């Protein structure tokens, strides 16, 4: 065919670039890992590595929900205060409903808050930034009110088992993190719903004209994000054996950073769960490493911020070359 | 009006190519002070591009511009403005949140120095006064709150605030009511009297005759008639120039009219505000039906309503004889309808998906399972690839955007063929597609129809419609005015039918009144070359049936009133058999331009007074418009 695809070589280039984004981030993660191993004798010790994964759990789980939302072209600023509020609600429910009941309350209320945000965004066309900014403020304020502005520390001790019972030699909170990543990755790549989420973020009009359920799958990511923020709250509470209404403050920034470092586009349609996992690990390693090296903790923000900006810059350079 | 000796603006041999599309291929125009110059052409003839080159919005690739005898090279609208050339855009370019006054003097923000609101206010009043519109615009109001006509007035005032000598109006009447059009024409007349030059870009022939002094006609990016005095032309002359003389080649490839299958999609009086007012047609199994008309006539919106992308407020859709009212595209897809929208990039392509996933997007929405089910379509995908010359399997993983427009379009069409649709709707299927791929898309659609699907094509390219479709329904200003075999049509007739007529509604009322009072048939038609082009007909049964319906294009002798059609107008002429008598009256707008003919056929030979009716018809037309 004369009109068929003149620029074959260019499509190879596109392929390489698109493939390289995650590869590049994985490379960066390995460089950070190797650098820290050399710089600090403590970094490679097995209890530090476990510690590293342990520290990834809260940001990691929240970032999965954030990935869903960002893939549709939205953003969820409320995850931190959803974590705080749902933890407080769980703490209040423990007395009457027991451990399982308390966890169910947390997950359901997290999902319900996400449903609320998602409906406002999808049905009324409000900007997700504004809606979730509002929900963020409301959530934090309700967390204070419900908890009476103090920590809840009378938590059933058995819940601590949730975090540290080993499953196949891995602490159960880390196992939960890995299971969530595997399920989310499979969902986004191999199901109708997952591909619809990508299609909506990439070109909502085309998704609509092709008959995909744009409304449903625009709301779903916010529900997932709310529920996963609550799940992160459950594990955090079990870890520290105390529920603080302030818990999860600024968590949304870490989650967005992880997703962006992982190569997702804030315009939607591009990104992956694997990329997000790498993003989370890079951030946690840098935090952990700077601690081990005894660097003033105030430098952490600069390091993380620099990486975010570099990641977005790379994304822009790549996407302008790909999309022309 | 005699043209002044030295033209104000001379554009010669202008060429412009966008991506691969040649928009201008040697366009020329000459405009003089104190004239309204019409710039005409069919859709895509390059009128708007030429205007934008002159006004600095688009840079030309080649050609010369001379302004007051000196070379002009506008690199931006600002350059053109400072020379004195302004454009009143189709979609206005105002800042909606600023006030009328701020918008009028927006270009002054680019000047150094302090703004002087009091002085501006006075100047704005003077400008509006000079246009006779001092009461029409509240200067302090936000532009957001204004009507389309008021916004246009702001644009005109904005042009006058920089003292533009040449003002280009790009399709200025597209969103105006008839009364507002009259007001605009008054303003234009005043501007002309003040010695300014105006360019009036339009494809509405009535308006061109109403307001222009000279016209330049464009076709396929070239000027085919330069600076012709409007008074020397008829509507048919202009249409012939717009369409071209070489009508012969169209007929060679006319599709065979095969016996129509059973009706698949019946649309009656479909109404989907604001654009679609009254659309009716019947689409049969195995046929390709064209929906012809001008851009903005409501064709795309009709397709969107049929596909559930746009709510419809009235009318009836029947699919396979059963009432069908899609509320979401998923409803339409489930019923076996596929839709290829007009704007590929915006409405079809998912840019982050591979060719494979773009191809399977329709499948994804029809698929009932939780997973993807891509494997269930593998065989059909391979078959389609072979049949349609699509990229081979290795390329399925490539990015859509690396392919030519034609290949992208084939992939989008194949997206629906994968679902074996019973009805396929296509909006401008060959827009931005090169000529080679065009014919393969035509072949593809023909094959789809031959296999028993019903295909509905919207196109602004009349040549394409005539080549591709066995029948054509013409849509004008949101209503179907004719549905006929494409064999009786050519581009010229199609253009005549499609031309929007602001007088349509008023004329319909007049016809109804005449028919009711006399018990006969009243019709409105154009006459050209021994043929009648019936635009509307009301009433008339039995003996008073003139033998044609709205949208018909019979030769005189094929009607039941040949004697009257051949006779001089102005009196009732009885047919030789004495069954019916017909009065033909030519009607003109109050500006004196030709609106065609009003006919009245009554039974028998005893007739009402012809002179009274002729006077009454002319009065009604004049006061209505």
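Note: Cβ is positioned from N, Cα and C throughout, glycine not excepted.
Nobody curates TrEMBL annotations by hand; they come from automatic prediction.
If one looks beyond the transmembrane segment (A:25-44) by at least 6 residues along the same chain, the residues whose Cβ comes under 8 Å of a Cβ in the stretch are 261-263, 275, 278-279, 281-282, 285-286, 288-289, 292-293, 311. Here TrEMBL flags A:25-44 (among others) as transmembrane segment.
Taking Cβ pairs closer than 8 Å, the transmembrane segment (A:56-75) reaches residues 83, 114, 121, 128-129, 132, 173-174, 176-177, 180-181, 184, 188, 197-198, 200-201, 204, 217-218, 220-222, 224-229, 231-232, 235-236, 239, 248, 251-252, 254-256, 258-260, 262, 264-273, 276-277, 279-281, 283-284 in its own chain, all 6 or more past its ends. What TrEMBL lists as transmembrane segment is A:56-75 (among others).
Feature annotation from TrEMBL assigns transmembrane segment to A:87-108 (among others).
What TrEMBL lists as transmembrane segment is A:120-143 (among others).
Feature annotation from TrEMBL assigns transmembrane segment to A:163-188 (among others).
The transmembrane segment annotation in TrEMBL covers A:209-234 (among others).
Marked as transmembrane segment by TrEMBL: A:246-266 (among others).
Residues or ranges marked as transmembrane segment in TrEMBL: A:273-292 (among others).
Positions annotated as transmembrane segment by TrEMBL: A:298-318 (among others).
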Query: Any chance the transmembrane segment (A:163-188) and the transmembrane segment (A:273-292) have 3 or more Cβ pairs under 8 A, given the pairs are 6 or more apart in sequence?
result: yes
- prompt: Ranking A:120-143, A:209-234, A:246-266, A:273-292 by Cβ pairs under 8 Å to the transmembrane segment (A:87-108), which is first?
  reply: A:209-234
Field: Residues of the parent chain within Cβ reach of the transmembrane segment (A:120-143), under 8 Å, 6 or more residues beyond its termini
entry: 69, 74-78, 80-82, 84-85, 87-88, 113, 214-215, 218-219, 222, 245-246, 249, 252
